Amino acid sequence: TNPGFVVRITQAGLDYAHQQGIAVLEKELAQLKLPDISGDFRIRHVGKVHYEISRLDLRSFHLPYSRISLVPNVGLQVSISNAFAELDGNWRVKIYFIRDRGSFDLKVENIYIKIILKLGSDASGKPTIDTSDCSTRISNVRVHFSGKFGWLYNLFHSAIESRFRRTLESRVCKNVVSSVHSELQPYLQTLPVTANIGTMAGIDYSLVAPPTATAQSLDVDLKGEFFSRAHRSAVPFRPLVLALPPDHDRMVYFGASSYFFNTAGFAYQAAGALVFEITDSMIPKDADFHLETSTFSAFVPQLEKMYPDMMMKLRLSTPSAPFLNIGPGGLSLKPVVDIQAYAILPNSSLAPLFLLSLVSNVSAVIDIKSSHIVGSLNVGRMKLSLKHSDVGTFQVRTLQSIMNILASNILLPQLNARLEEGFPLPLPDRIQLSNILLRFHQNFLLLGADVHYQPR
């Protein structure tokens, strides 16, 4: 299926992630444990020589030059060049009855490492990463021995250096594979596939397909669907194709489709969250009316006879989920709200009075705060109509001013307070966004940002 939400990581974003990852890998490689080395060989006119290399201590491992590139349909390639390492240790040699020992320094230069990272997704919709290939090539190993038999270095240095080269080449790739499994894969798993929004709703951010590497970017397609936590039901509409523009000014882009936002309305209505009750205690103090039959009897004459001097309650609900439109000009919706009026009888039971339908043009403002999509609504012109009356017919337009006050002073602040809390973006741990831009396109909202990773 088409995604409701798309995350695009540009080359600039990959370069930043690569910078963080190389710093971790450099620390991991500096802690490499190398095994002792021993062997025998013959030297012409000298005879059999037995040597032992022990207590190898890797003092440093530096990765000064590296780059990350996209491998279409596979994932990523990390290329490291001109890396170098320094280590020391002890050596022991035996020639017939002659024994000696000493220390040595070893410098490994011109290390080249190539790593292919394959990207995928697991059954839960979380991203996965694995090392599909790793190769290491070392061009230069130089050993300096100390001790009175240090001259022996000139006789068997090639044998020692080739052993070091093979050992180090093997250990580097083993360490890379281990780091991907122990560091990178667990970190990717912190990407939330479910984000709970209060007690009523959640967002499904699971991957609908493995990440796609192209020549320009890495795209991650997410379900991007709100759902009711009490009862998850199938959404009665499908996401449209979401094609992000080729923008590359930011490290990461988020494409939030109209499907993403409209499933929010569907989920909240299914959860019963789009029902609001207004009582007299909620009327602003500076309003020149109360929510009681004596007030409304000026517009509905039968109320004074049927329910004299009684308090009232209004119940607002949506007969269908509100539908949001996104276009180059911004976001707008035209919700339909049913307003059921009740009289509160002396025994606290409710007597239905009339049912109004309210249609209004609403515009929405979107922003990003603390990695959350936040918003606010502005209500335009309202239109009232009478759907049913238990107290006779009356002129609905006379109630327009009261409904304007109730909507703008009570209903709208409640909705905007919830929208101000926002909806979290799908981000792994310890990522902060900056330099944010927002643009509106047909049927989707484009968010661009740079990222900052905060290490533990």
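The backbone N, Cα and C atoms fix where each Cβ goes, glycine too.
Note: TrEMBL annotation is automatic and uncurated.
What TrEMBL records for C134-C173 is disulfide bond.
As annotated by TrEMBL, domain 'Lipid-binding serum glycoprotein N-terminal' applies to 8-231. Taking the domain 'Lipid-binding serum glycoprotein N-terminal' (8-231) as a whole, pLDDT averages 90 in the prediction.
Residues or ranges marked as domain 'Lipid-binding serum glycoprotein C-terminal' by TrEMBL: 246-449.
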Report summary line: For C134 (disulfide bond), the number of neighbouring Cβ atoms whose distance to its own Cβ is within 10 Å equals 18
Requested in this report: Only counting partners 6 or more residues apart, tell me which same-chain residues put their Cβ under 8 Å from the Cβ of C173 (disulfide bond).
Outcome: I113, C134, S135, T136
